[in-house]
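Worksheet: the structure to be examined is printed underneath.
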Amino acid sequence: MELLTTVASFFTPTTLFLLLNLMIGTIVVTSRLGSGSRKHYQHHDGFGSGHAPAPLARAPSIIDRVKSINFHLYKFPHPETELFSMTAHHDIIGSDLHVYPDPNPAPLQRAPSLLDRVKSINMSYFKFPHDVTGSDPHSHSHSHLDLHPDPAPAPLQRAPSLLDRVKSINMSYFKFQQYNPEENDYAHHTEPTRFESIPTRMGRVDPIDISKFRIPEEDQPTGTGVNSQINPPGLTRAPSILERVKSIKLSSFYRSDPDLDQKQNPDPVLHEEHKHVRSKSESKKPVKKKKKALTKMTKSASEKSGFGFAGSHAEAPETVESLERRRPDTTRVERSTSFGDGEDGVDAKASDFINKFKQQLKLQRLDSILRYKEMLKAH
């Protein structure tokens, strides 16, 4: 610790200032002694000239350096004497290269313009070969190729226009082959393909069994049958939704004539559906309403059976059950729906309307299939 305190006491500002002055003084003394010994050696040395050295030259400025550039070195090459004239004016002293300008320099040549450069292009390499016989120019490309240009080249030919190039296309490659039916039939019989068993569109439509769809007499097309040949004048536009809704006959829900009902419902499946609706609606009806409806029905049946004769009153009235057996199912349903009151009658009407609408959709679907088949036959 005592050593550190003694060393730290020496690093005071006064001691540091004295140390700095001592270093500066030693540098000055050594520099003076060195310069005096150098002068002594220059005067008494045998290799020295004995004269005072020349003062140092000022470094040239940037302008002097730019002015000293000799542009004669960048002129276009002259005859063989240029290299000799350049080497003749070079004076080598030690390791320095001094270039002196030529006292009689040649005049500078003007650089060639763009037009002169374009004119200097030898177009003889790009001329088209003379092909008078119509032979392929590519086959004689090696014979016409010459590394040395012709001393007296022929005048340049005009480049072919777009029309000439189009006319030069050989269309024989694109001609269709002549059709020979005998050869094609023979090739067809000798080399059958594996696509013969695939049915066409017409073959796919023919197997459709149209007998499943029953068409009413008013919607059936005119002709001997469904499969008869029909030549329609043109394709008709498919009916819109509004036309389909308008085509639904709502008057059939309030008819009581059995003949009209038999024409509109020839399908036995629909009869079964109507029986089911009738049984369901009758099960929900009260007994009094049913009796009232049956009495009205017996009265109408007796009026129809009498036909205004006097002997009809003498006969015993038929029972309601016998009348119901003789009447078709559609008539029963419509009478029950027409004479029904309340919610039961509304349900029966709604179910009948839904059945009619489904039948119309089936008929329209069958009609579209028939039109598509006729279109395929026409094509």
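Using N, Cα and C of the backbone, Cβ positions are placed for all residues, glycine too.
Annotation comment: Swiss-Prot describes 7-29 as transmembrane segment.
Swiss-Prot lists Asn122 (among others) with the feature N-linked glycosylation site, giving sequence analysis as the kind of evidence.
The region 'Disordered' annotation in Swiss-Prot covers 133-154 (among others).
The compositional bias 'Basic and acidic residues' annotation in Swiss-Prot covers 137-149 (among others).
Positions annotated as N-linked glycosylation site by Swiss-Prot, on the basis of sequence analysis: Asn170 (among others). DSSP assigns Asn170 (N-linked glycosylation site) to coil in the three-state reduction, placing it in neither a helix nor a strand. Within the same chain, no residue at least six positions away from Asn170 (N-linked glycosylation site) has a Cβ under 8 Å of its Cβ.
Residues annotated as region 'Disordered' in Swiss-Prot: 216-238 (among others).
Look at Swiss-Prot and you will find 221-231 tagged as compositional bias 'Polar residues'.
The compositional bias 'Basic and acidic residues' annotation in Swiss-Prot covers 256-285 (among others).
Marked as region 'Disordered' by Swiss-Prot: 256-347 (among others).
The compositional bias 'Basic and acidic residues' annotation in Swiss-Prot covers 322-335 (among others).
Same-chain residues lying 6+ beyond the ends of the transmembrane segment (7-29) with a Cβ under 8 Å from its Cβ atoms: none.
The number of other CB atoms found within 10 A of the CB of Asn122 (N-linked glycosylation site), across every protein chain shown, is 9.
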